[in-house]
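Have a look at the structure below, then the notes.
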Amino acid sequence: MESNEKTNLITSHVYTNYSSKPHHLHYTSTISRVLWLALVVTMPCLAPGMSFGYSAIVLDQLPFSVDQQSWFASLPSTMMPIGCLLSGPLIDKLGRKTALMVTNLPSCLGWLMLSMRPVNLYVLYAGQLLVGMSVGLSTTPATVYAAECITVNYTGLRGCFTIMTSIMLNFGMFLTYLLGTLMPAYVVAYVAAFVSFAAFIFIGLLIPESPPWLFGQGRRGDAEFSQRVLRIAQPILQTRRAMSLDGDAAAAVRIRSRIVDRLAEPDVYKPMAIMTTFLFFQQACGSFVLTAYMIQLLGGLGVTVNNYVVTLLAGFTNLAAMVVLSVLLTRSGFKQLSYVSCAGYAASMVLLAVFLQYYDGGNTLVTNVVVISCVLLNMAMNGLGLRPIPYAMLGEVFPTDVAGVAGSIVACMSSVFNFVAIKTYPYLRISLGPGVFAVYGALALLTLVFVAVIVPDTRGKTIKQISDEFLRKKSVSGCGDGSYRKGSCSIADEVI
């Protein structure tokens, strides 16, 4: 296996030696290589991301009742928790690379089922369930891999690159909207299946396994080779934890057996509680509701412009906002940008609710301008932080030894919240009318308060520094760095 992996990596242009180039060319080529690696690592998120917009383009083409439509749109969320729970063991036991590859298997099968004709309700439901599982599987591995392997030499740019997972997911949504304006929905499903297959091949051939994970398994030779391939300059393999594992092969087994104990420690349960609450507010605000029902929502709000065109524009706006976010993150942190995002999101929802409540709809032009403007503002503010930032932070706030398990548990809870939000929206819209958007706006303001008071600022910090903040820098005998861990001081020393 080791020889095959080396052969595949050596043949890739990603791993060319640039040492003979001038400094500025070396820097440019290094950034280009990092961007290429980030693109490859996030490819498995593309096809799952296409599911975010699929219900919007397909529901008008299916003879479904309101109840069947709500189930079809929300069913992926029922399997997202399963995918999230499976991703933890996959990441920690089989490796980050393997977890990325496995994501594509249920995705490809699910999209093939969604493309089947003639239409069978239960086959479509099954396809949605499999695609939903792939979304759950895709949320954590790419973020963890990026934090450990791609941005390790660029802590100031870490937020920029870890956000690429969300960018790829939302590019998938935009791609669905774009293809939905050009071809039937079942053909879009075929395209998504092909994308999943291509991502499986790319991950298998073009990236190595994570060096910290390899070293944690006692595979020092493979870890050092992978570190050289990825050009990781920081001595992550010489941390106290790594050296203890090198001296005692059974230590890895002992660490895995203490996972439950680790979840009860402050540097794990505190960020888990914070991120679970953050993601609850994100879903309760309706962050994913508009994308799931966009075409139906626009028609119900009296928009007379081609709803597919408006949906495509909304998807592009959301994607563009995330690209802008990735640039802004090089100069600002997650916390600061979340303020702007939550405030703008709340404003868009409240304005929409007020307009729909008090305007009589006498002028079609006014209705089109105001409703479309509110929707586009909502999508822009959503993409600027509320939607991608909580998921990107999952790769930063947890210690490396439990990043997979803790991140998957939190992502699992997010999927449960997502299901409830999408499933209940049609009924809330019927019972509350425009008031549902006012509720979303009020919850966005509560999210702003929560971010300001509770969410930590992780910009430019290592995992150890972030952990120290959750531990309040308590010191116990035997931990020379001032950190605290139950049973072992060495686990604290993993550094991004």
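Cβ coordinates come from backbone N, Cα and C, glycine included.
Keep in mind that what you see is a predicted model, and the values were worked out from it rather than measured.
Taken from TrEMBL as is:
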| type | residues | note |
| --- | --- | --- |
| DOMAIN | 33-459 | domain 'Major facilitator superfamily (MFS) profile' |
| TRANSMEM | 34-59 | transmembrane segment |
| TRANSMEM | 71-91 | transmembrane segment |
| TRANSMEM | 98-116 | transmembrane segment |
| TRANSMEM | 122-147 | transmembrane segment |
| TRANSMEM | 159-179 | transmembrane segment |
| TRANSMEM | 185-207 | transmembrane segment |
| TRANSMEM | 272-296 | transmembrane segment |
| TRANSMEM | 308-330 | transmembrane segment |
| TRANSMEM | 337-359 | transmembrane segment |
| TRANSMEM | 365-385 | transmembrane segment |
| TRANSMEM | 397-417 | transmembrane segment |
| TRANSMEM | 437-455 | transmembrane segment |
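Each residue in the domain 'Major facilitator superfamily (MFS) profile' (33-459) has a pLDDT score, and their mean in this model is 84. Looking at 71-91, 98-116, 272-296, 337-359, the range that has the most CB pairs within less than 8 A of the transmembrane segment (122-147) turns out to be 71-91. If you look at the transmembrane segment (397-417), the same-chain residues 6 or more away from its ends with a CB under 8 A from one of its CBs are 77, 80-92, 99, 132, 135-136, 139-141, 143-144, 147-148, 212, 216, 241, 255, 259, 262-263, 267-268, 271-272, 274-276, 279-280, 282-284, 390-391, 456, 458, 463, 466-467, 491-492, 494, 496. Residues 34, 38-39, 42-43, 45-54, 56-57, 135, 138-139, 142-143, 146-147, 150-151, 187-188, 191-192, 195, 291, 294, 308, 311-312, 314-316, 318-319, 322-323, 325-327, 329-330, 333-334, 383, 387-389, 391-392, 395-396, 458-459 of the same chain lie 6+ residues outside the transmembrane segment (159-179) yet bring a C-beta within less than 8 angstroms of a C-beta in it. Here the transmembrane segment (98-116) sits against the transmembrane segment (34-59); at least 3 CB pairs are under 8 Å, leaving out pairs fewer than 6 apart in sequence.
Of the Cβ pairs linking the transmembrane segment (34-59) with the transmembrane segment (185-207) and spaced 6 or more residues apart, 3 or more are under 8 Å, so the two regions touch. Ranking 185-207, 272-296, 337-359 by CB pairs under 8 A with the transmembrane segment (71-91) puts 272-296 at the top. Listed as Cβ neighbours of the transmembrane segment (185-207) (distance under 8 Å, sequence separation of 6 or more from its ends, same chain) are residues 8, 12, 14, 37, 40-41, 43-44, 46-47, 50-51, 54, 57-58, 61, 97, 100-101, 103-105, 107-108, 111-112, 114-117, 127, 134, 145, 172, 176, 179.
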